[in-house]
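Chemist: Below: one structure in structure tokens.
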């Protein structure tokens, strides 16, 4: 052998801990929240995470001599305390660009959250943030169309869009499902939506649902003079069936389809996003299963990472939480997610949980969707939090109206337009929301009844996944 080779086991920190390293613009950067096993030093635990997620195995191997290990290895380059948690620490890791296939989210995350999450050296591990360098961003497809193209397609400007998830989510016949879609769209909504687990069950096969929904859309468009849509869920057992359903949605004239991007898999979702771009179809993305991955504040993947990877994979809409509704979502963190979905360049901001600058270049933005336990009383806060480029999706907050679906839709439309008008006049809609809605209800009996129905309904539970204390 030309080089000497020393077999055996070495501490990871001898090779992968480098506190003097300055990250390069081309590096993929990651920050992990690490809880090491008792007796494992922080530097060793950080280096172990770095090693297992890049080039190492448990022992030295002679084939290390056949490559430039110093070039390809990851480097754990910094450690920080986690405020308010004596057991955990943040480990910052830099990965060289040569480790990853261009444009492959699957490849990147197979390394970053692969075997390392079962590593015995750590008790718990959470991927808090990832900085994707511009070279990597430009090799990814991104959203099929983006916000501006969607507005142009639908001829809707100057306000958020309104949607509704049809309830009950399971059990309706296709004909009754289509009836609910028609009533909601006729009442003033822009979109209605399949729920995440509506696929092709015995009570409502997918083709029947698609046809009745499209009939409802066309009838509502004729009566209102507005462009309407229904998120037809093409999620299916295999990719061939996903394409078959998507093609049928296109044939009947639907402007938008949807998928459950975590349960169908990232490679499948990326393929569907490419199909949508090629076929002029908007793509709504549901995040079903995300709570399994992101809700535990000590183990898993933070949703800000899932939001970033969805923008890279491709999607025109993504559920982002509401802050004010029934689902998990810290306000500061949610605003950080929304910026990552919509802005061209997002600066590091620890107060919102953003550990790195994130450049997006010219990649199209994603429309955040606020959905889950919201009703007319939430409208002022939703507008203040999300602004115009968002979809506010009221399921029970539409279909639960005492006068029916159309009245629920009308109440939401009147509430939204009243808040937008007040905002445009310079009023503080969040602070003055009650007065704004009360005034609007004087000329809208539908809104008045909705306000009376949900006056006492609140979801005041503490957030489980909070930003770490001093960053708030």
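We count from 1, first residue shown onward.
Quick reminder: no glycine exception, Cβ is built from N, Cα and C everywhere.
As annotated in Swiss-Prot:
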type     : residues                     : note
BINDING  : 115, 165, 169, 287, 319, 371 : substrate binding site
ACT_SITE : 167                          : active site, proton acceptor
MOD_RES  : 193                          : N6-carboxylysine
BINDING  : 193, 195, 196                : Mg(2+) binding site
ACT_SITE : 286                          : active site, proton acceptor
SITE     : 326                          : site 'Transition state stabilizer'
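Provide an account of the burial state, proximal residues and distances for the features listed.
Modeler: Cβ environment of residue 115 (substrate binding site): 52 lie under 8 Å away, each six or more residues apart in the same chain. Annotation note: residue 115 (substrate binding site) sits in a helical segment as assigned by DSSP.
Counting every protein chain shown, the Cβ of residue 167 (active site, proton acceptor) has 16 other Cβ atoms within 10 Å.
Remark: residue 193 (N6-carboxylysine) has 163, 164, 165, 166, 230, 231, 258, 284, 393 as non-local neighbours, by Cβ distance under 8 Å and separation of at least 6 in sequence.
DSSP classifies residue 195 (Mg(2+) binding site) as coil under the three-state reduction.
Of all Cβ atoms in the shown protein chains, 27 besides its own fall within 10 Å of the Cβ of residue 286 (active site, proton acceptor).
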Chemist: Round to a whole number and give the Cα-to-Cα distance in Å for the pair residue 195 (Mg(2+) binding site) and residue 169 (substrate binding site).
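Modeler: The Cα atom of residue 195 (Mg(2+) binding site) is 6 Å away from the Cα atom of residue 169 (substrate binding site).
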Chemist: Same chain, not part of 193, 195, 196: whose C-beta falls within 8 angstroms of the C-beta centre of the Mg(2+) site? Give them in sequence order.
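Modeler: Near the Mg(2+) site, the remaining chain residues are 165, 166, 169, 194, 197, 198, 231, 233, 258, 286.
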Chemist: Here are the binding-site residues: 169, 319. Which has the lowest count of other Cβ atoms within 10 Å?
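Modeler: Comparing Cβ neighbours within 10 Å for the binding-site residues 169, 319, 169 has the fewest.
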Chemist: List, in sequence order, those recorded positions among 167, 169, 286, 287, 319, 371 whose Cα sits within 10 Å of the Cα of residue 196 (Mg(2+) binding site).
Modeler: 169, 286, 287
